[in-house]
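Some notes on the structure that comes next.
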Amino acid sequence: MQSPEFLSASSRLTVDLTALADNWRAMNERSGKARAAAVLKADAYGLGVVHAAPALYAAGARDFFVASVEEGADLRPLVPDGRIYILAGMWPGNEELFFENDLVPIINSEEQLAVFMAALSERGDHPCVLHVDTGMNRLGLSPEEALALAHDPARPASFSPVLVMSHLACADDPGHPMNRYQLQRFREVTAAFEGVPASLANSGGVFLGADYHFDLTRPGIAVYGGEAVNGAVNPMKAVVTAEARIVQVRTVPSGGTASYGASVRFGRDSRIATVAIGYADGYHRSVSGGGVTLRQAMPSGAFGFLHGMKVPHVGRVTMDLSLFDVTDLPEAAVRAGDYIEVFGRNVVIDDVARAGGTIGYELLTSLGRRYHRTYVGGA
């Protein structure tokens, strides 16, 4: 039975934890001999790490990646014996958080390596990960720096990484030559760290095949139901559904206009549903389609789903409200108080993102605080 708050909310978000767990299991299986971690940064991609982490742990995940040491400290009580990796690494002043919470810093630079080694000299042994940049040019030691470290006879015995990793720049495009280039560079580095486990594949990398799996894969967006490979059928289950209440239904005569700037003109008598969702809720203004000047050259706008039919968004997304054309639905079927699915099982979040010229990651992590959130299922 749904709560009164769910039934009366202006907008609501339903997170299917069973689908989340199933997606992780599917990625773990696709990883073959490697084991799959789970990426939980940005509050589990906006869905709530307090709920997502226990579900993934119950499904079998034991390795977790987050962005910052603060995220790691918050995650620790949720996965007591999990290994938590911190992508941003260790900096002067936050060393104690790593030791207190048993967090694994990812070493991205020689400067961070120096901070880590100084911390070891004061506090004793602690695991770390060596991040090598193989072409992304964002974070990581260069392959040359990593190889020099591997062959340095003066390297302290206390420096013993538990993982060597890199990050693929073009894994969502299986045919991109950068994938093979990065794989080759990574193999050159891992050969110098004989016996140290290795990790290269993100979500898209898992789909590239066994050559990219090594010992640990790092699926992120795929676990949350998003597309990992451009142009391919997405095999993952939808995890999140966003719905918003119809506040009012209006009739606009043929030739009439609606929204800011009179940005949409109707060629027939039309019925328009005003819906309680806007860019303050992470429903980006750019999904308006041609109703926004800078979008004139981009695809048409997004759709919603109501009573078994897709209904087009019209006009401009505003802070709190959006308009959907419900003319093709029976008049008696659409009433104020009904809910339109904005994305979920029937409206793919990546399609909404494409309509806005962005990606599903950005929509998920932009979700505002006004949704009534409901978590269903589990591992």
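Here the Cβ of each residue, glycine as well, is placed from N, Cα and C on the backbone.
Some features that Swiss-Prot has for this protein:
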{"type": "MOD_RES", "residues": "Lys41", "note": "N6-(pyridoxal phosphate)lysine"}
{"type": "ACT_SITE", "residues": "Lys41", "note": "active site, proton acceptor"}
{"type": "BINDING", "residues": "Arg138, Met319", "note": "substrate binding site"}
{"type": "ACT_SITE", "residues": "Tyr260", "note": "active site, proton acceptor"}
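Swiss-Prot feature annotations superimposed on the structure.
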residue	record	CB count, 10 Å
Lys41	N6-(pyridoxal phosphate)lysine	20
Arg138	substrate binding site	10
Tyr260	active site, proton acceptor	12
Met319	substrate binding site	9
When distances run from the Cα of Tyr260 (active site, proton acceptor) to each of the recorded positions Lys41, Arg138, Met319, the nearest one: Met319
Cα-Cα distance linking Lys41 (N6-(pyridoxal phosphate)lysine) and Met319 (substrate binding site), given in Å to the nearest integer: 26
The residue listed as 'N6-(pyridoxal phosphate)lysine': secondary structure state under DSSP, collapsed to three categories: helix
Pairwise CA distance, the residue listed as 'N6-(pyridoxal phosphate)lysine' versus Arg138 (substrate binding site), rounded so that it is a whole Å: 17
Tyr260 (active site, proton acceptor): secondary structure state under DSSP, collapsed to three categories: helix
